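> Let me give you the structure first, and then I'll get to my questions.
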Amino acid sequence: MRPFTSLLLLLLLLLLRSAEPRRGPRSGAREKGTGGRVRGRGRAGVTRRQIQGCKEYMEAGEKYLDCQDRQLTTVMQDWPKDIHHLLLARNKIQILRDNMFSAFTQLKSLDLQQNDISMMEDGAFTGLSKLTTLLLQHNGLRTASEDVLLPLPRLTYLRLYDNPWSCLCSLDSLIRKLQLPSNRNLGNYAKCAEPHSLSGQKLKKINVDALCEADRRPGDKDGGRPKLPIKVKPEATSMCHTYMFPKPLLDCSHKGLDHVPSDLPSDIVKMDLSSNSIKHLRAKQFLLSKDLKLLNLSSNNLHHIDTAAFAGLLYLRELDLSNNSLHHFQYGVLEDLYFLRKLPLDNNPWICDYNIHYLMYWLKHHPGVAYSGLICTAPSEFKGWRVEDYIKTYNGDCPKDRQTGSVDTGQGGQGGSENDAQEEGGETGDRQGGRLPRPLQDRRPNKFEIIRLS
Ligand SMILES: *[C@@H]1O[C@H](CO)[C@@H](O)[C@H](O)[C@H]1NC(C)=O
Ligand SMILES: *[C@@H]1O[C@H](CO)[C@@H](O)[C@H](O)[C@H]1NC(C)=O
């Protein structure tokens, strides 16, 4: 009976294999490569044959590169770059290095299960903006930071189980990320291997607030390493209200926040961060909020906005920065906002010097953006002027500019309150070697407008 059973098993296996969808007869598979297993034969030629051993095929219009079971320790430069699915299961990869996959920009899934991966550098997945599925189960990972997932805005499935996770303070940011309700398919079933007190507990379920405290407890076996402070991060999901209808809205207004929460959910369309005390917008804080159409930052104490602060906000249409402490925009800040339509800027202490030119320059080149409230508060000679008019006087020493006639219709939807302020301003604008700015009532379109950038 024994031989018969094993024969049956073999048959069954063969059947299962041929039933694999991507090898099915209807898949239109176009296979390249030798197809043979070349594992471990002849050290010198290994790499080359390994590459050839990968199979490239199409299924349902998507390209697969199957490099499973090839003893690979890294990816190869000569692999096709336009693939959608990269299968690297059961190889010998130990470290995921910065930019390792960055050439494969079309990747939707990356299967790295059953390797020997013990470390991921923070930039390992840089460039994979389309990746939805990442399989890292059955490896040797102990720790990682949420930063490693930052380049993956579309990630929906992440497998991390069967790794010896060390549930200490250093894992805190990743665990917080996994525990966000919006990330319900990230990291399910992954469990702590250490410390002993948490062994076997799910990353999704452990009390993350206790992690860093436990780290500080004297007598812990890791007690010798530097003590990390307990991170006090505002929790967007616990502090703010999320409304799903009519559009996903995250309401974090009036929460006393002094910086943008680090765990913003990625599927939000409107975000209200108004009436907090945020002073500084740092680079890439909204990177994951790719669907955002409205961002309300009014009534904070915004003083400084880093250049890449709005990176990733490709679809943002409305950005409310009114009632803050902005003096100007740093060069480049607005370059990520391709589809912006409304930009309320009222009630900020705009300073009319060369730093303001970038903002006006950008607005000139984006006539579809309706802005409001660009009024100089300093220096005193321009106090109360529209920034637009200040720029015109700055350019006023161009003779061509002075001779054109007729009336400027104003631009960019800047409404109201303009005229009174300008008249007083007109008398005090004596700078630039005694040349008086032209009377502002006498406004005309500038055929040639030279905007000087610092
Ligand atoms: C932003 O929030 C403020 C204060 O809640 C509100 O007055 C304003 O209308 C909001 N802006 C937008 C564009 O919704
Ligand atoms: C402007 O912001 C301050 C706090 O920064 C707030 O007290 C005030 O009510 C806001 N004004 C308006 C018009 O929203």
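Using N, Cα and C of the backbone, Cβ positions are placed for all residues, glycine too.
Heads up, here are the entries from TrEMBL:
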{"type": "SIGNAL", "residues": "1-21", "note": "signal peptide"}
{"type": "COMPBIAS", "residues": "22-34", "note": "compositional bias 'Basic and acidic residues'"}
{"type": "REGION", "residues": "22-46", "note": "region 'Disordered'"}
{"type": "DOMAIN", "residues": "163-213", "note": "domain 'LRRCT'"}
{"type": "DOMAIN", "residues": "348-399", "note": "domain 'LRRCT'"}
{"type": "REGION", "residues": "401-454", "note": "region 'Disordered'"}
{"type": "COMPBIAS", "residues": "440-454", "note": "compositional bias 'Basic and acidic residues'"}
> Do you know the mean pLDDT across the domain 'LRRCT' (348-399)?
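Result for the domain 'LRRCT' (348-399): average pLDDT 89.
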> Going by DSSP assignments with H, G and I as helix and E and B as strand, what are the residue counts for the domain 'LRRCT' (348-399)?
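For the domain 'LRRCT' (348-399), the helix, strand and coil counts are 24 helix, 10 strand, 18 coil.
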> Based on DSSP, tally up the residues of the domain 'LRRCT' (163-213) by helix, strand and coil.
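The counts are 23 helix, 8 strand, 20 coil.
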